[in-house]
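Student: This structure is in structure tokens; I'll ask about it shortly.
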Amino acid sequence: MVNFTVDQIRAIMDKKANIRNMSVIAHVDHGKSTLTDSLVCKAGIIASARAGETRFTDTRKDEQERCITIKSTAISLFYELSENDLNFIKQSKDGSGFLINLIDSPGHVDFSSEVTAALRVTDGALVVVDCVSGVCVQTETVLRQAIAERIKPVLMMNKMDRALLELQLEPEELYQTFQRIVENVNVIISTYGEGESGPMGNIMIDPVLGTVGFGSGLHGWAFTLKQFAEMYVAKFAAKGEGQLSAAERAKKVEDMMKKLWGDRYFDPANGKFSKSANSPDGKKLPRTFCQLILDPIFKVFDAIMNFRKEETAKLIEKLDIKLDSEDKDKEGKPLLKAVMRRWLPAGDALLQMITIHLPSPVTAQKYRCELLYEGPPDDEAAMGIKSCDPKGPLMMYISKMVPTSDKGRFYAFGRVFSGVVSTGLKVRIMGPNYTPGKKEDLYLKPIQRTILMMGRYVEPIEDVPCGNIVGLVGVDQFLVKTGTITTFEHAHNMRVMKFSVSPVVRVAVEAKNPADLPKLVEGLKRLAKSDPMVQCIIEESGEHIIAGAGELHLEICLKDLEEDHACIPIKKSDPVVSYRETVSEESNVLCLSKSPNKHNRLYMKARPFPDGLAEDIDKGEVSARQELKARARYLAEKYEWDVAEARKIWCFGPDGTGPNILTDITKGVQYLNEIKDSVVAGFQWATKEGALCEENMRGVRFDVHDVTLHADAIHRGGGQIIPTARRCLYASVLTAQPRLMEPIYLVEIQCPEQVVGGIYGVLNRKRGHVFEESQVAGTPMFVVKAYLPVNESFGFTADLRSNTGGQAFPQCVFDHWQILPGDPFDNSSRPSQVVAETRKRKGLKEGIPALDNFLDKL
């Protein structure tokens, strides 16, 4: 079954220059899993006849049934490059065998957290684009994430069989399509990348360099310009050139590749390349890419699909393709598959592109270290990561948990960045909240076993050196979702992953049979472990809430909960959307609150953030961990804050990182530092449960204007200050025109021209609005982009399909928060209904609490 053993893999793991860690990323249904099959079959794990149909990496039953990838799966492949190909590799290498750790990731936007987890442990990405529908919204999202993590992309144009058989494009049109996709991808790379002067150098993709592949995953064939350049170099070589050395030959092939793309033309009359589109006698010349590459492919397709036997036989002989006896009797599509697969095998083309152009851990960790590691850039751990040193201290990042066949236990899945991880090694397990020098979120435990992940199987392995991807057994009890594993006692954490979506849709769950409650609680804990994104919360009313990224994500989570994690029947509520509370202008009075013993007074005001600041905090451009002066400068330059105020930010909230700020603009208050912690605690409490309906606050800046304190320390303890601070914060919100914010999806809808009207109808009913509409060049498809409130998105897909005759395909991504128009105090408005519903659901008193509860008189 497998052509190579664990021992062989283990031997090659030490050659860190010959390891490639890569993930396959793309828009939903552009053919990632199908393509991965051709790679897997090349490495001899599935029979080549079944490649393209097996979807080996879709390991779960529901993935096979729905034909979508839900969880990212990892697989290790072994590939050997020939002498000639080794000369194309520009980085250091060690022997001709390569170990490729491949992670197939989901394309569905609801699972984009899985993609983030996959990207963290890889250095390169194969971006798959369907050449018929082009670069879509999800392609852009995942590519942006990859570039933010400093991951080098190579491109694969998939589904060429559709372009040839369904759309029947001419060679020149097809070239233009490819050219446009390459341009689109490069625009994304240059927008989010660091430019040529950055640490990675130029990461733009270019067919001439061989970083773009073309082909069809379903039929199992693919090529880069390198394959054709080699054929033509061999064909045009004069008699005396047969003795070229490998290096000279590589040079010739690279020169040839430059002539095969772009505005270069070929004159068939004399076999010369020219740079002008017209020959000397005025004939229009064909483009080299069309004449020398697409033309032979078109001829093969044409001859076989029109059942011209003699012509087919001639072509097969000319292209020197050896068919099996059983393949010779086929005709039509099956024969086409067999011929193309023999002539341009996808596995070879892609694996060569991966080994030649994607970086090894040695290359990549040099420039990725500063993004990965939170600690100082010159301590032992950082040096170990930078040089990918097996003798350095162990540094390993766990990016997700993978459920095992044993109920309730998980493998910790991650990558070793420095040192060696081995069975029985005693390590420090550090969760995301660990800070060096403290004891919380830290465990000292031995690793029970190290294992190798092979898609549906796991293989035990003694030890794994740095640069590799590995699973650990026996760590799952100490980590929730992610964490750092190390042997270096002064190590800082590896940086937490930033998710591009946020969990905004929630359902309440309860056990159908109340006696099953303990099982439900246990199941929720396991669910929180197994999915990087999902949040499980217990409300004060005792309700169990699951929050996810969208309908599909929640559906899968609930199914997992019912069948795998809790194994009990479950009742679920309708999905509800979480809101945020904010203010729309500055407080109209200076708010005063007195402490319960009447000896301390706080004076505060609230005001809204300038546009864009809340988003900056979400992205981490502005954060609590930043250096103080740098942060003050940024706020002063970009948002015109007063520098003195910007330096006196006490904290961010909720949870110390959220998009609300508490600043101290008092002048000369005695004992202020003693109550700082208490005020901050009150602020965290108030921003987590706002005044309107106990939802999180967002985009509010609170200013402490003045504080009068009792001279005796005993009269100004936490019990006096914390509730006072909270009351004062609530008062300042209620006097500053409070508003509700709702989450908004960005919807991208692909559809034929004639049903665009139906889409507008559905969106208008759902309070959505279209902000961009464009035609995909060269196809009759339209792309409509619109904003749609998450609250209205339930059943949107079904509604859309029924109004467009099933021809429109929506993709929803959480995009931003937007203020719900209307005043929550006006009983007829939309926000006041939402507040009433939310308060009722949470079991709070009816109606927004009156201002008198919080505001005191002098």
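Quick reminder: no glycine exception, Cβ is built from N, Cα and C everywhere.
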Student: Quickly, which of K251, K498, K519, K572 does Swiss-Prot have down as N6-succinyllysine? Just give the residue.
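Tutor: Looking at Swiss-Prot, the N6-succinyllysine feature maps to K572.
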Student: Could you check Swiss-Prot and say which of K391, K439, K840, K845 is marked as N6-acetyllysine?
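Tutor: Of K391, K439, K840, K845, Swiss-Prot lists K439 as: N6-acetyllysine.
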Student: If you check Swiss-Prot for N6-acetyllysine, which of K309, K407, K619 comes up?
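Tutor: The residue tagged N6-acetyllysine by Swiss-Prot is K619.
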Student: Would you mind telling me which one of K152, K333 Swiss-Prot calls N6-succinyllysine?
Tutor: K152
Student: Which of the listed positions, T34, T57, does Swiss-Prot note as phosphothreonine?
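Tutor: That would be T57, per the phosphothreonine annotation in Swiss-Prot.
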Student: Select one residue from S216, T435: among these recorded positions, choose the one with the most other Cβ atoms within 10 Å of its Cβ.
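Tutor: Checking each of S216, T435, the winner is S216.
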Student: Compare the Cα of K525 (N6,N6,N6-trimethyllysine) against each of the recorded positions K152, S216, Y265 and report the nearest.
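Tutor: Going through K152, S216, Y265 one by one, the Cα closest to that of K525 (N6,N6,N6-trimethyllysine) is K152.
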Student: When you measure from the Cβ of K572 (N6-succinyllysine), which residues in the chain that are at least 6 apart have a Cβ under 8 Å away?
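Tutor: Those within reach of K572 (N6-succinyllysine), by Cβ under 8 Å and sequence separation of 6 or more, are V507, A508, V509, L558.
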Student: How big is the Cα-to-Cα gap, in Å, between Y373 (phosphotyrosine) and S216 (GTP binding site)?
Tutor: 39
Student: Listed recorded positions are A26, K152, M160, K272, T435; which of them have CA atoms within 10 A of the CA of Y265 (phosphotyrosine)?
Tutor: K272
Student: Do me a favour and check the Cα-Cα span between M160 (GTP binding site) and K529 (SUMO cross-link); whole Å is fine.
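Tutor: That separation, Cα to Cα, works out to 40 Å.
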Student: Quick check: of the recorded positions listed here (K152, K272, K322, K529), which one has the Cα closest to that of L218 (GTP binding site)?
Tutor: K322
